[in-house]
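Participant: Once you've had a glance at the structure underneath, I'll fire off some questions.
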Amino acid sequence: MQTMSSGIARPVLFLTAREGEYVLKDEFQLGSSSRSTPQITGSPLDPNTPVKRLFFMRINIAQFSRWDYPYPREYIEELKKIHGVHHVEENRDVPSILENYRNSKRKSHNFSSSNTPYLKLHRPASRAGAPLINAKSFISSLTFHDNIVRSFQPSIHGKTFVFANHEKSFYWLDVSAANSHSALLKMEFPRASPVCHDINSFTKSPKGLDVIIGFDTGDVLWYDPINFKYLRFNKNGQLNSSSVTAIKWVAGKDSQFLVSFRNGWLVLYDKYRHEQPLHIVVPEKNLKSLYLSSPGTFNILISINHRDDRKLNPVACYAFSKSPINGFCFSPDYQYLALVSERGTLKLFDFVKEHVLDVFHSYFAGLTCVTWSPDGKFIAIGGKDDLVSIYSFPLRKLVARCQGHKSWVTDVIFDAWRCDDDNYRIASVGLDRKLLLWDFSVSAIHRPKSAVYYVNHHSNNSKPAISDFDDVGDLTMGSEIDNSNYVNGDITIHPTLSRSLIPVISPITIYDVDDSPLSSVFFDPDCMITCATNGRIRTWQRP
């Protein structure tokens, strides 16, 4: 039996890989939202049955090798009081999240920015008196644990913070603290569900953290959990009312971040800029040219190079298609983006030049997740075809398919600490509750015999199937074909290739990590972290 820091005794759980055993080190169980999700009844085959959209729990980690910036108790107590407005660059007013509960009962406070929401602090339930929830607030309550002061004390062993979105709540946990399994902070949202978030590694310091959170309502929240500040963007969907699907900071920038939406838009924001009322109306006759334009597989609604003397948001805005963008990932040099869509396309986008380079298609169905290798040579994607597919970025082609999942793949990631010049470690999780580890070696990949036959017997006049042109452009069929790829200007549309033409990789490890579907997997130098849709976070000690 194993006793965890949480005091829970359980049988030792481990998974075996080539390098040794990953042993379950600890686990955290996030509670359910106080507002339960309504149950949807009816047959999934009935077109009148409402569709319940799945929002997976996602995590991000902020690590500090040393924590030598102590916050005295007096500082925390001061934060609990009403202390007006924080001031940041460009005259943008930022309200404090924390307010003294005793002095804030049903009081109204006016901030100089009319768009900033008002929030009351709600103490833990053990405190006498039920919290008063302001139904009009975007954030209904914020609860912080008493050990938040202890977590801010200096430590030579460093700090590891985990941020997680689950159901209608957002959590901040200190997983480096022994015998502590309570969230330092928990934010609850009455009318929105956080679906994704990201941490700015460029500005990360013990004095402040920049966290951005995307919601199913289209809202975006910038949040500094250390200084207790926040700002809200795309309020009530004023620019885009569809759900956020993914969100990332632009590397090397202290204020810019990218947001993708279910309507196929990708929007660049700056946290220091105000939002302008922007209404883009596209006539019905121009819809086809907007989403299926021959100069590219997208339309630039606002260019990143456009002149803006007023410095307003959005900085840039692109419409890639009418199909939801399910995820995107920056290349290590941050010049390129890989985007995956519900239509089943992988698009390689030059973020600097605002140009689509290549379009690939899944074996079938939508794509759900994407990641880039640490050296930028390979892209791994997961999808609803139960496959993990590996693409070579320099060669612009599909090089291998990883077969082993029995349901949708929900997350895929390269283990940067197990990758070198020729060997790569990939981890994936899915709705089948399984974690799969894959070892991918470039020199060990061999083309099937059927692939050699295909290359030798296909003429240069062969064309991709008509289905391959869905969501990629209003193309002229007379354009040049080279090696069965459709070239339109500088854009290459790659047809779907049969499984018999692509090498298949088998997993080195298959493990049932949880009794609920898995949503995320994450690596750090010392451990691997897995997340399940039931709110359970598990850390696995590396061999």
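Quick reminder: no glycine exception, Cβ is built from N, Cα and C everywhere.
Annotation comment: Swiss-Prot describes Ser43 as phosphoserine, evidence class experimental evidence. Residues or ranges marked as repeat 'WD 1' by Swiss-Prot: 239-279. Annotated repeat 'WD 2' per Swiss-Prot: 320-361, in sequence order. Annotation source Swiss-Prot lists repeat 'WD 3' at 362-401. Taken from Swiss-Prot, the feature repeat 'WD 4' covers 404-448. What Swiss-Prot records for 513-542 is repeat 'WD 5'.
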Participant: Looking only at the repeat 'WD 2' (320-361), how are its residues distributed among DSSP helix, strand and coil?
Facilitator: 0 helix, 25 strand, 17 coil
Participant: Counting only residues 6+ away from its ends, which parts of the chain sit with a Cβ under 8 Å from the repeat 'WD 3' (362-401)?
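Facilitator: For the repeat 'WD 3' (362-401), the far contacts come to 326-333, 336, 338-346, 348, 407-414, 416, 419, 421, 424, 426, 428, 430, 436, 438, 440, 445, 492, 494, 496-497, 499, 502-505.
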Participant: Per-residue pLDDT averaged over the repeat 'WD 2' (320-361) comes to what?
Facilitator: 93
Participant: Could you give the number of helix, strand and coil residues in the repeat 'WD 1' (239-279) as assigned by DSSP?
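Facilitator: Result for the repeat 'WD 1' (239-279), in helix, strand, coil order: 0 helix, 20 strand, 21 coil.
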